[in-house]
């Protein structure tokens, strides 16, 4: 619906209610239902209505315990008795309830849970159970593959728009719905075996008795995932508090002096540290051969110029505004507030790269990126190790590795892939770039860690949320030379927000079943 029309209608409603508050029937009530607003701009219910109403919210159940009971509540003893293959039907129905509870509740872990939030509903579960019933009635053998496909790719998969989330959904079903489930050998979570055939109340009782206490293990995640999402929740709360602080200087007169002085000092420091823009004409003259790597370097310098020019322009303008030489505009006000709240200003973000950092660390990171580019463009020879996270467009760098190999070996580009070997060394141990490919530093792993001695992925240590990776050697090989056994295809993202910040897929060695790392939401990050 059109939000402006709704806002207009609500203010009419407010006036109407005011008129009706006098002299109407004493049992007269107005019921208004609303859904949570996606952003502050959509907070359009007038204050008057909110203050005079009793508010009731319907909270979804939290935790696996409540969610599993709620999933089972959609059925009854009659459901359990309706299928001729009773034992199979009951086992798979219970597994589907657990699957439903897991995918719904995994949302709370943020991007490590799902890349994007999805509206899974009880309808998905009840339709999946109907499909299960129809299939079991029609065939004497349990069609595991068909069931997994229908539930994972259509009923639930129909909501899913991200390929990695689709893989996650598929992997849960591969773990929960398979022939072993009827032999009593299947655990839905560590310490929670799939129950055998029971009656309806028996299943509810089994959940109360056997389900371990709430923890990330119930979802296949590492306990660190909880630390991550609780930290992010606290950060959001504290930021909201910070934004509610009084802004006028008289109230905030403290040890730090006024807000103006603070912003003035920060602004001067930034302008002083900000380097000159890259001289593109000079750089172009220096490039002897436009190799794929040189093209990437030039593109990066160009984008960096656009960003630093905007930073310099907006800071200089604000400085004149604070001195009273220019009239303060709303853009200048916004910049002023960002500097005070230590957030990256909107006009910089638009020309920038995804980042979750506060302004202070973002600016230090910006200066580091500039000095990397300066070093690289002195003579355009590839640095000993590349800081992949320092690029606006890391994909272009990885593509350049493939293009260089394709030209050198006369291979077709579309029949190539990147091979990723994790070394045992750190950045300091490399003096020169490899003969082919590139060494890459500055990667982090979330959801697990890299065991450098064994050369495989292994369980994360408690409280180490994003351990650093050793230097990684990237080189291009023909598709058919890729051996995929014992590898976990690991997504690489620019930030912990994952989702749209996806860069590439690196295959990493694993001794354990790759499905373990899929459920644990294991990914590589550039920040």
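Cβ atoms here come from the backbone N, Cα and C positions, even for glycine.
Please treat TrEMBL annotations as automatic predictions, because they have not gone through curation.
Small disclaimer: the values here were computed from a predicted structure and weren't measured.
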Segment assigned the feature coiled coil in TrEMBL (from 208-235, 236-263, 264-291, 292-319): 264-291
Folded-back contacts onto the coiled coil (264-291), same chain, C-beta under 8 angstroms, at least six residues removed: 298, 301-302, 304-305, 308-309, 311-312, 315-316, 318-319, 322, 339, 363, 367, 370, 373-374, 377, 379-380, 404
Confidence summary for the coiled coil (264-291), mean pLDDT rounded: 93
